[in-house]
Amino acid sequence: MLPAAMKSLGLALLALLLCPSPAHGLWCQDCTLANSSHCAPKQCQPTDTVCASVRITDPSSSRKDHSVNKMCASSCDFVKRHFFSDYLMGFINSGILKVDVDCCEKDLCNGASVAGRSPWALAGGLLLSLGPALLWAGP
C-alpha cells in the first residue's frame, strides 16, 4: 500500500503547484532609470495588484533619450493618473514628451524574469523527479 500512498502524495503536491496561491505577494521589477535596463525584483505591498512599466521619451530628440520607471501599483489607472498629471499633460499635448504605460498582473512581468519562478517550471521539475517513482509504483 505504500506505493499508492506515494502516488497520492505526488498528485497532491502537483495539485498544490498548479493551483494559484494567493498567500504570496506580487513581485515586480522596481527601478527609475535613464537609458538602462538594470532593475531589481521587489515584493509588492498586499494592496498592489499590478506591475507597471512607464517609458517617457522625447520624440524630438535625435539622441532618443528616455526614462524608464518600473514599479508595483494598486492599479494601472493609478499609474496613468500619476504620470498623466496636469503638469505633464502640457508637455505631452505639445509633443515634447511621449509617455507609454504598460501594466501586467504576474510576478516580474514588467521586466526580465528570474529563472525558475514559473509554476510550470516547478511542476515540470516535480514531474521529472517524481515521474519514475509514480510509474514504478504502477496501478
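Every residue gets a Cβ built from N, Cα and C, even glycine.
The annotation disulfide bond is assigned in Swiss-Prot to CYS28-CYS51, CYS31-CYS39, CYS44-CYS72, CYS76-CYS103, CYS104-CYS109 on the grounds of similarity to another entry. If you look up Swiss-Prot, you'll see 26-113 marked as domain 'UPAR/Ly6'. Feature annotation from Swiss-Prot assigns N-linked glycosylation site to ASN35; the stated evidence is sequence analysis. The GPI-anchor amidated asparagine feature in Swiss-Prot is assigned to ASN110. What Swiss-Prot lists as signal peptide is 1-25.
In this structure, the CA atom of the residue listed as 'GPI-anchor amidated asparagine' is 6 Å away from the CA atom of CYS51 (disulfide bond).
In terms of local Cβ density within 10 Å, CYS39 ranks first among the disulfide-bonded residues CYS39, CYS76. Taking the C-alpha atom of CYS104 (disulfide bond) as reference, the shortest distance to any of the disulfide-bonded residues CYS31, CYS39, CYS44, CYS72 belongs to CYS72.
Taking Cα separation as the measure, CYS44 (disulfide bond) is nearest to CYS51 of the disulfide-bonded residues CYS31, CYS51, CYS76, CYS103, CYS109. Looking only at the disulfide-bonded residues CYS31, CYS72, CYS76, the one with its C-alpha closest to CYS109 (disulfide bond) is CYS72. Taken through DSSP, the domain 'UPAR/Ly6' (26-113) splits into 16 helix, 35 strand, 37 coil.
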